[in-house]
Amino acid sequence: MSKLGSIGARLYRGEVGYDFIGKRKIWYGISILITITALVGLAVRGLNFGIEFSGGAVFTTSKTAVSASHAQHTAESAAPGHQAMVQKLGDGSLRIQISGLDTKQSLPVQEQVAKDLKIPVKDVNTQLVGPSWGEQIANKAWLGLGIFMVLVVIYLAIAFEWRMAVSALIALVHDLTITVGIYALVGFEVTPGTVIGLLTILGYSLYDTVVVFDSLKEASKDITKQSRFTYSEIANRSINGTLVRSINTTVVALLPVAGLLFVGGGFLGAGMLNDISLALFVGLAAGAYSSIFIATPLVADLKEREPAMKALAKRVKAKRASAAAKEADREDAPGQGPDAGEGAEDDAAVVGPRHQPASRNRGRGRPSGKRR
Amino acid sequence: MAAPKKGRRAPAGQGHPGRTLVLVLIAMIGLVGGMFYYGHLTPRLGIDLAGGTSFTLAAKNQPGKPNAINETNMNTAADIMERRVNGLGVSETEVQTQGSDHIIVNIPKGTDAKQARQQVGTTAQLGFRPVLTIAAGAKTPEPKPNPSKSGSSGKDGQDKGAKGEQATGKQGTQQKASPSATPDAKPTAQGRAVTDSLKKAPSAKPTPSGSPSGKPSKQPPVPPTGDGGIPQALQKQLDALDCSTPQGRALAGTKAAGTRPADPVVACSQDGRQKYALGPVAVEGMDVSSAKAVFDNDTAQGWIVQMDFTSEGGKKFADITGKLANKMQPQNQFGIVLDGAVVSAPSVSKAIMGGNATISGGFTQQSAEDLGNMLSYGALPLSFKIDDETTVTAALGGEQLHAGLLAGAIGLGLVVIYLIAYYRGLSLVALASLLVSAILTYAIMTLLGPAIGFALNLPAVCGAIVAIGITADSFIVYFERIRDEIREGRTLRPAVERGWPRARRTILVSDFVSFLAAAVLFIVTVGKVKGFAFTLGLTTLLDVVVVFFFTKPLMTLLARRKFFADGHPWSGLDPKRLGAKPPLRRRRTAPTQTKEA
């Protein structure tokens, strides 16, 4: 921990750090690649819709010694033209899903299955699922998603600013696309549970992005009053400063889901648990990734186009040039920059980061903290 | 909520951290005590976890509505059923259409299946029909039709009088009314004229006379549909109607329910004591905008159902009551007909304005609430019969659930290990907060089961698991803030207080986004998604509550302990390990390192 703690401290002070913003092109590229893969997967393989979307019947038998493949054969011969999906449940019973069956067709299948498995008909439970059901749920969910996105963009635009709102939205779409794409690629069944998993991601992805943005907002509050750092640099420091939090939160959020997916899913094969936990796992990971690698760099990109930020970038450049010139004689250079008299912050900002005046330097990236 | 003022102190200000903690403790004890008090120790589980009952309802073809069974009507019916059994959207009842004419209703175990069956199966076709005539409930004896030719008034009257306890007082009116029955629309004078003559014999005659006179009057549909034979036919129907046995009533109800609103109808009262011949529907159930059950103290009628009409319905109602008020008994009564049975038949003395009305008639609280519920959510466009009722097992076998819980527990164990490894002493705060959060969530979910029918399904469980992340994030944000402050060289107590306002803002802003998602989804969506949104919203709110009223006060208290304040290596707040830079202002330890600067 001491190691982690001191890394945290150094991240906090900006002594170490990964240049998220500077290398953003690489990460954009990676994200675009993943997104394209996801979209291709979606287009080529399509989604494997569960019976909640296609309609059908689910038969649950009592304990039986018959193997799943045998039962599948039985079920498929009883319901010609339909595909059966058979799961062996832990207590020895079978769960047979047949898509596209309706009420009338299900009865003979139930009888046939009971006969072949040599169990009484009443021990075969039939549950019919209407095709419109999943669709209705999904349609309403999409509607909710749309309304939510509009509201959240408005909210973020007010609480933060529109650039952040747009970036957060892009990151959100990115996360959802990746998750849906993975579903297509893995071929997992899409159930209402999946839809719910997706919606959870939507909440989480934005949540995570907002936490990062909040620190970014704080760090960049008085940005125009200094000329040591450009917006991108401050954004980068802010990401690095919250990196420990991001990692911790992601680990804590992912561990239980990973438990569900790998332990629960691994034990049990397909099932609703697997559907949801896969959506959650991919989505949470993508959400954590996108808030750092996509959302914040996007904000920086958008911000740097602002005239004020362009001017700032110019000032910083000029200041650094002059600082570099003075480097040799290690002199103070308070009057060198074009905006020399701009404030106490500037006066203190004479030494480059390499000089390590930690006690003076800290707080540089987060002026608001000093003002509190 | 989004951006609290910076200067404002949290409600759980550091002034009385102990008190706040005690409050949370009391709340927890209260909730857990409530669980024991009500005897609900586990949350109600959804159908996917606990299994339940599944009904298959088949839509019935109704006379006069050959094309009624179509997709639109089926979807509307399913929608209405869903709202009836799952008004709040959290009880995990599933209503789905299946094929072209079936609806499947899945009800989780622990829900009153019988009540649910009534709720979904009742069409709730409500109509206000003017009363044409009233007779005692039992089948009118055979002789009656015969006298109708011979015209023996006395006998008929006695028959009816003898049978109908309630109706006895109205015997005279009945007799008079029956001829005029169908042509209710007829000018009263004519009806009277007819009524004054022999009851049964004339009853056939008024028809022809009624038809022409009826047409110009207010309810033209009656005579035309009858093709001139209505009163007699209707009277025959009324005579043949047997309301004295439940089967007879059921049959009558079905038949009456199948009658078109514009046709007159014969129907039984719900208790079977009386039977009615009723005119066409004057005000329909669709005209009711809302209805609720009320206990009527004033007139000691017990439970009644209060209805508010839509503006159009109010007008219609004022109109019909205005017309009825001028008539004689029993034609100044209107029958409130629900699914083919007369619930009550109040008489009208004056036009009722104001767009509301009440239904009384021996309701229990349950039946009044059910009826209010049904009227509010509207009538089913179709009537259904229950084809099949089966018990369904949990879609997710018990084994799956257990493995899922085990998996979740393993994941949680890893979280605990990670937190302890990383935060050491601080992890106590984190774990205690998670525990408090878990207890509150569990207790509230359990109590919401009996309170609003909340049922926990698998998606909700998953939502709760994700909530672990969101809840833990709040502490992590706060802890990191505190550590940052310590890195600035502050001692723990100021660090705890200075870190809080910023952490608080982050927590509120991000939780608001989460809550917004939950609220929108809860309002817009249906079924499982709605249940999930509820869980998400609940856990998000609890997160805020726990952080404000538990984590923060606990931190404030712990900051006073030597173990934490002195930055013991195991406290997770050791300035040295955190890489604090001078000026170090720790209490005991001398500044360890002084950097050149």
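Glycine too: its Cβ is placed from the backbone N, Cα and C atoms.
Unlike curated entries, TrEMBL annotations are predicted automatically.
Annotated in TrEMBL:
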COMPBIAS  B:168-181  compositional bias 'Polar residues'
COMPBIAS  B:200-217  compositional bias 'Low complexity'
DOMAIN    B:74-131  domain 'Protein translocase subunit SecDF P1'
DOMAIN    B:270-381  domain 'SecDF P1 head subdomain'
DOMAIN    B:384-560  domain 'Protein export membrane protein SecD/SecF C-terminal'
REGION    B:135-232  region 'Disordered'
REGION    B:575-597  region 'Disordered'
TRANSMEM  B:21-39  transmembrane segment
TRANSMEM  B:401-421  transmembrane segment
TRANSMEM  B:428-452  transmembrane segment
TRANSMEM  B:458-479  transmembrane segment
TRANSMEM  B:507-526  transmembrane segment
TRANSMEM  B:532-551  transmembrane segment
Discussion item. Taking contact to mean 3 or more CB pairs closer than 8 A (sequence separation of 6 or more), are the transmembrane segment (B:532-551) and the transmembrane segment (B:458-479) in contact?
Written reply: yes
Worksheet item: For the transmembrane segment (B:401-421), which partner among B:21-39, B:428-452, B:458-479, B:507-526 gives the most CB pairs under 8 Å?
Response: B:458-479
Worksheet entry | Distal contacts, the transmembrane segment (B:428-452) - CB-CB under 8 A, six or more residues away | 24, 27-28, 31-32, 34-35, 38, 40-44, 88, 90-91, 110, 416, 419-420, 464, 467-468, 471-472, 475-476, 479, 535, 538-539, 542-543, 545-547, 550-551, 554-555, 558
Practice prompt. Please list, for the domain 'SecDF P1 head subdomain' (B:270-381), how many residues fall into helix, strand and coil according to DSSP.
Written response: 31 helix, 43 strand, 38 coil
